[in-house]
Amino acid sequence: MHENEKIRQYFLSTQRTFEAVIVTEGTGESVLLDSLRSSGWNCTVSFPTQATSDIESICPLAVFIDLRVPHPSQVAKDVSSVSTEEVLIASIAEKHISEKRRRALAQSNIIHHVTWNTRDVTLFDYVGRLANRIRALPALFTVLDETDQAVEVCDEHRVVQYVNRAYENVTGCIRSEVIGQPESEMRRKSLPRARGEEERRRSSDWKFIRVPFANNSQFVYMKRSNTTGEAAIFRDVSLKSLKSQTGGIEAPISEVLTMLRDVSCRVDGEPAQTIKDAMKVLSSHELYAPSINRFRDADRIATQYYDGLIRLHHPARQRKRSVVDAHREKRGSHGERRRVSADVKNALENDNCWKFDILHLEKVSDHHALSQVGMKVFERWKVCEVLGCSDDLLNRWVLSIEAHYHAGNTYHNATHAADVLQATSFFLDSPSVAIHVNESHAVAALLAAAVHDLDHPGRGNAYLINTRQSLAILYNDNSILENHHIALAFQLTLQHNANVNIFSNLSREEFIQMRHAMVEMVLATDISRHFEYLAKFNKMHVTDVAEEQRDTNSLTICDMLVKCADISNPAREWGLCQRWAHRIVEEYFEQTREEKEKGLPVTMEVFDRNTCNVPITQCGFIDMFAREAFATFTEFAKLGELSEQLESNYEKWKLMTSQWTPTHNTNLVL
């Protein structure tokens, strides 16, 4: 017997006991009941007053309602309301009922009628066998989603009915975008049209399988196992595959990797492995940095040149604790409680929740949100223990940092820094993130978030370049503000007379690593390098990696984490989202006004107070930057509700676009 026919016969012959409930005020004993029991049904007789309770506990496949009970239609509605699965509801009477009565009962989900003396239970046997198949489907689909082989199921019209997660990884397509669409050669470039067994044997890349139960009306395409493992090379979430209205933004290296991946699917053996090795090399975070190892042990002079002039940073090789490990060891440890007012204490109540209202804290703390939320977050993450400093020293440091933010900026001020710090802490709290982040990087991320916009002048990098500001000259027009923020943070921290050096008890190696991580994370907030960091994160491989790669991954995750925290306003609860948007827009309005007054190139013409449609600018920012970043990061962090909030806010902004007029642009920030 053909293997497919064996499977088919197995499903048809497999029996199990099915549950049925008979709702009646009598005993229920009848020819019908005997026939059901002889066909393998377990029948429970239930009084109308007990019916819903019995149905909830038994979860029957069929319910029979005696038409002699009071209000059978209401009983049927009650049954439908408590059934967790689809249930067949039938009525029972001494004789057949009229067509008019049938139609009336159908309004209450009673879809079949039988008599007490019938022996024909064929319909119910068929429903039982069908249910046997259907109840196996969730397990089958779960297995399909876990397999490394890509699977695509099409109907007789070659329309896609199902694809699994491995298919998404291999093709770079999102499931919701594929299902319901015609099969595509663009998605399966090496996949031939399935016409029979001969073609099935010719396919070197995918195999074609006829579904045994559908009379050849369904087709399954399965990626052959010779490419197993390819999907695991990268977290392959292409920028183009995510829901976006920009769609055309793709890093060149991502396009190269996509092309190589497609080629690797078409070859076998050594060429396929060579291509995969090349893809791993190209996925390096330092693509153009030299990888010199042939002489390190043999040539002392060359090795010292390399260490002294090229590899300036010498990371230690000791095993680093993850955030999870660190907090497991420190559980139950609490420092002294700081004294804060009742209003501030209440405002800080839910600082570990995404709906935390930092603007309310700004109000009740008299614009000291950063120092208030900062110390609470630092206390929770045991920052003092990691740095080896006192609470008092850390508090002085936070106050010093807070004092060097410009209170006159509507957006880039200490409250924004506090908001980014709170978001960073929230992201680190995710178990899916914490397991991959080491303790020192977690602390570096929190400190970087606190200083990431230090001394921001309320004007962008382009403005500083166009006005030939000293900072632009100093940093050669490259990431001007970001370099300034982190450089000033270390200048303030390390100056001898300030007594705020929170790093004083770190070893030289520990300080170098902490500084390196903080610099990297602050520079990652440069929006001009947004897609570079996003591409790096997308190509990161987190399973079965060496210790050195795990450390690199930890830093990459924190780069992305702080970056997302910095642009998280569009994903906040709507009220906060709207107020933050008004703040940033107000700052842009002022920059545009000043640029026009001074005859400078206008950085963003769209932010002219006299013409700007604010909702359109917010939709544009989400389309251009926020959606891609949050779709990618929240998938990794298993925080999908944030992307849902972002999309909800997007729709609200979209609805407002048609009613917005320039008159709304006055007094945005009250």
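Cβ atoms are placed via backbone N, Cα and C, with glycine included.
Residue ranges 180-199, 320-339 are listed, and TrEMBL annotates 320-339 among them as region 'Disordered'. Within the set of binding-site residues H452, D453, D566, Q618, the entry lying nearest in space to H412 (active site, proton donor) is D453 (CA atoms).
Listed in sequence order, the binding-site residues near H452 (Zn(2+) 1 binding site) (C-alpha within 10 Å of its C-alpha) are D566, out of T415, D566, Q618. Summarising model confidence by region, the domain 'PDEase' (336-660) averages a pLDDT of 95.
When the binding-site residues N413, T415, Q618 are compared by the number of other CB atoms within 10 angstroms of each CB, N413 has the fewest. Just so you know, of the binding-site residues H416, H452, the Cβ with the fewest other Cβ atoms around it within 10 Å is the one at H416. Sequence-distant contacts (6 or more apart, same chain, Cβ under 8 Å) of A414 (AMP binding site) comprise H367, H368, A369, L370, E402, Y405, A407.
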